[in-house]
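Take a look at the structure set out below.
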Amino acid sequence: MPRRKQSHPQPVKCEGVKVDTEDSFDEGPGALVLESDLLLGQDLEFEEEEEEDEGDGHNDQLMGFERDSEGDSQGARPGLPYGLSDDESGGGRALSAESEVEEPARGPGEARGERPGPACQLCGGPTGEGPCCGAGGPGGGPPLPPRLLYSCRLCAFVSHYSSHLKRHMQTHSGEKPFRCGRCPYASAQLVNLTRHTRTHTGEKPYRCPHCPFACSSLGNLRRHQRTHTGPPTPPCPTCGFRCCAPRPTRPPSPTEQEGTMPRRSEDALILPDLSLHVPPGGASFLPDCGQLRGEGESLCGTGSEPLPELLFPWTCRGCGQELEEGEGSRLGAAMCGRCMRGEAGGVATGGPQGPGDKGFACSLCPFATHYPNHLARHMKTHSGEKPFRCARCPYASAHLDNLKRHQRVHTGEKPYKCPLCPYACGNLANLKRHGRIHSGDKPFRCSLCNYSCNQSMNLKRHMLRHTGEKPFRCATCAYTTGHWDNYKRHQKVHGHGGAGGPGLSAPEGWAPPHSPPSVLSTRGPAALGATGSRALHSDSP
């Protein structure tokens, strides 16, 4: 067979081996196995002259090759009208320069140059603007299959997502893989750990649009916003209880409709698991609920006349937090700065003689709040429980915030600075009290005389003059006084230090260790000896 010559012989790369067409090009070009990476989307031209001897008289031919994988060389690929194979088959046809290759039909999006959308999970076709396979379409057709529901076998939890069910199952197994790096806190969900870390960083990203309230949890913000929106629920016909959030109210029982309440025995009284110290006459400060008042009178009994309200512990009536010196400028309704700002923004608060529209009220004092955790924290002022203790001194408090503020006494940190003078302190309440020196404001006024002052401690000390109480007694002589400063000054007469001992000073928040129990008077509310004595004995930390 005569050899075929080319005017411009070119080397063709075959299976990674370079073959010269002039020496070894014995077969037609269709028998070559060309590399796919060389021929992707490319056309190879073979320019041939007329053969000298007999042969085919074709001049120029254009041959096209489509991209094919290594393992799919036999048979036709789906979507292509012709097969790709080296074997002759009756179903194929010869390709020439004049023949046109039929292209598969394109969608309307591909004709405009757009990429096809995701495939339908039911029929596998491309999804468009409308339903792809007629399922659930406006023109009828079979309805879409229902979405899968993943349900818990241990409770009524149901979800559309399996990941939610796996996360929920950790609540039953007790697994808590997410742990805090600063404290022993652990949780089964990452979102809870993220919310917990804000307690260490102090971040409060959720802010109320109606008042300066800010918090670190979206749930707390939604609960707070219920104080701005919506009227309170109707009061209870028996005790006047109200709720801030609309809740289904229990229909009154037949005995309540008749106006008679069943009398319970003393053994059936439901009391909180707290060691309550109820002063004589304390029942006069209970809310106007007959049931609570009856229980309070059974606890308190009958005694002397009630003491003035100012002798009660200075706690915020909005959140239950114990107030420091300089806080609570409103007499009879002492409030912390955050609750006062909330009240200025339109939050209604209950009066000192009843819970008002607040759902959780203390049965031993006029304290009322919207939140049950605030009431539980407030009850520690009555029980005398102080779980938070300082590691460097005997100081203890019922609130963690007070302990953090006290620790600045040991560290010497003073983050609060006066903008008008070089004064700096470690307590925001002290800075506010110092600011009254520049402004001359005296918000604390006596209700029995014209006395006014700029510190709540001075007003408490002044009220002892009206009651005649002198709680500070000398253990050496019969000297008594109502002022802690006078008591320390008197101890110098006996050669003792400022706290009653040689060279010692009283730590803040506790009585001198050598003083007998008679040093402090036991008259008045027990809460005065537990919480109010700290304000009478020494300045706040």
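Quick reminder: no glycine exception, Cβ is built from N, Cα and C everywhere.
Of the residues S96, S265, S284, Swiss-Prot records the annotation phosphoserine for S96. Looking at 12-34, 472-494, the range tied to zinc finger in Swiss-Prot is 472-494. Given the ranges 206-228, 321-343, 505-527, the record in Swiss-Prot names 206-228 as zinc finger.
Taking H, G and I as helix, E and B as strand and the rest as coil, DSSP gives the zinc finger (472-494) the counts 8 helix, 4 strand, 11 coil. The average pLDDT the prediction assigns to the zinc finger (150-172) is 83.
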